[in-house]
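Engineer: Next up is a structure, given as structure tokens.
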Amino acid sequence: MLSLVIVAGLLAFSSGKPCETQTSNSELHMSLNKNLLRSLETQEGLPNPSVHLALRLSNFHNLAKESEHLNKLKNDLHNDIQSSLSNSQSVVGLLSLYTLALKSSCYDLNTITFTVGERSETLLTHLKKQMEQEKEHIAFSHRPLTNYYQYSLGVLALCVSGIRVNHHVSNKLIKAAEHFQHGDTESTDTYAMAGMALQCVKDAGSHVQNATVLDTVLSKIQQKLLASRRNDGHIGNEFSTGLAVQALLAMGAPVSECAASMEAMRTDARNNRYHNAMAISQVLPALQQKSYLTVKSKECLNEDDTLVLEPIDPVVVLPSQTKVTMMVEVVTSSGAAALYSVEVPKGSSLLEALELLKMKNVGFTFDKESSLWGPFLSVVNGEQARQSDRRYWHLSSDGTALSEGITDFKIDAAQKITLKNTIY
């Protein structure tokens, strides 16, 4: 899911520079930066390490608010990860983002510890152990305990933290990079994250034995990303382009159609397409021609501290008096289908619409779980779609897969929403 567009200079390849734009877009960057900073005041649930990472990679800072958010990460998020580790849960993705967030604040990672079974070990030690478990699971089951996106994040977090990545761990990612799929489509996000992770491994010189193989895989990942670029400049979709651009920047790939891609990105930002904090957190670094690899060389010296949030008047949105009909089709893992209908106020979020359908007591029920992107469906009509079973609820509108989550997607017209228990 993720969002942004390609950044590149016309002479990126020949000059050796990554992607450049000809005019300054600092006002647009500043606006996105402020939106991200405001999200800290309205966020629900745990503090988001991806948001912190983007704030720290930015050219503009409000150091007091960033410090306050760092403390929340070290308390609230830390305690949540501690609980997961104590319950022997695989949290390699969250642990990796936590590592990157701390590293972006130049925090001493050796002072961060977790205690499991009365044994206290550093964050990086736990991350290495989690990656070993993922690697072993790949050896026996041909897939990670989590997924290759989180596995790539783990490789990246270890690498930018100066940890030499076990070549058996990186080899598993190299072999898997031929084909990353999510449902019926290739996963742009996973290719992007794998590209950044393997580029870091290459830069660190920790894969010298198979340097040619690594170069070949990195080239293929670049080709995959560029091949998934649409005519409008987006890579994959609006919400996967951010990481894709970060990866292309990190890998130094020549990008031939810089102008169209940059314009698509700026247009999305100006049209408030990125109203999800997680989406902005992936867009902003790429717009500023940075990537998660930038964290490796991050120095927290002489930083700008001029970012100030102006007070804004609260906006009260009244429910629309116009009703639209939403059909909801639920397709279970067995293929059995059930169809429902509900009238909802125009402009309702999909989550609000599903809540209204649930309240009709016509047999439709659902449960949701939280994520960094917002809530997602975990159970529909009593049937669970669990990651451990490699399943998820695939959402589509009139046959087109949704690129937004259930709180962000709006019901603006009559349509048919399909919820399908899908394997990936």
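Note: Cβ is positioned from N, Cα and C throughout, glycine not excepted.
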Engineer: Candidates are CYS106, CYS200. Which one does TrEMBL pair with CYS159 through a disulfide bond?
Structural biologist: CYS200
Engineer: Name the residues of the same chain, 6+ apart in sequence, whose Cβ is under 8 Å from the Cβ of TRP393 (cyanocob(III)alamin binding site)?
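Structural biologist: For TRP393 (cyanocob(III)alamin binding site), the qualifying residues are PHE376, LEU377, SER378, VAL380, ALA385, LEU419, LYS420, ASN421, THR422.
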Engineer: Might you list, by sequence position, any residue in that chain lying six or more from CYS200 (disulfide bond) with a Cβ less than 8 Å away from its Cβ?
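Structural biologist: For CYS200 (disulfide bond), the qualifying residues are VAL155, LEU156, CYS159, VAL160, ALA250, LEU293, LYS296.
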Engineer: So if I draw a 10 Å sphere around the Cβ of THR146 (cyanocob(III)alamin binding site), how many other Cβ atoms end up inside it?
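Structural biologist: There are 21 such Cβ atoms around THR146 (cyanocob(III)alamin binding site).
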Engineer: Looking only at CYS159, LEU395, which of these recorded positions has the biggest number of Cβ atoms within 10 Å around its Cβ?
Structural biologist: CYS159
Engineer: Over the domain 'Transcobalamin-like C-terminal' (347-421), what is the model's average pLDDT?
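Structural biologist: Residues in the domain 'Transcobalamin-like C-terminal' (347-421) carry a mean pLDDT of 93 in this prediction.
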Engineer: Would you give the longest CA-CA distance, in whole angstrom, between residues of THR146, ASN147, TYR148, TYR149, GLN150, ASP189, ASN237, GLN282, TRP393, HIS394, LEU395, LEU402, the set recorded as binding cyanocob(III)alamin?
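Structural biologist: With THR146, ASN147, TYR148, TYR149, GLN150, ASP189, ASN237, GLN282, TRP393, HIS394, LEU395, LEU402 as the binding residues for cyanocob(III)alamin, the largest Cα distance is 24 Å.
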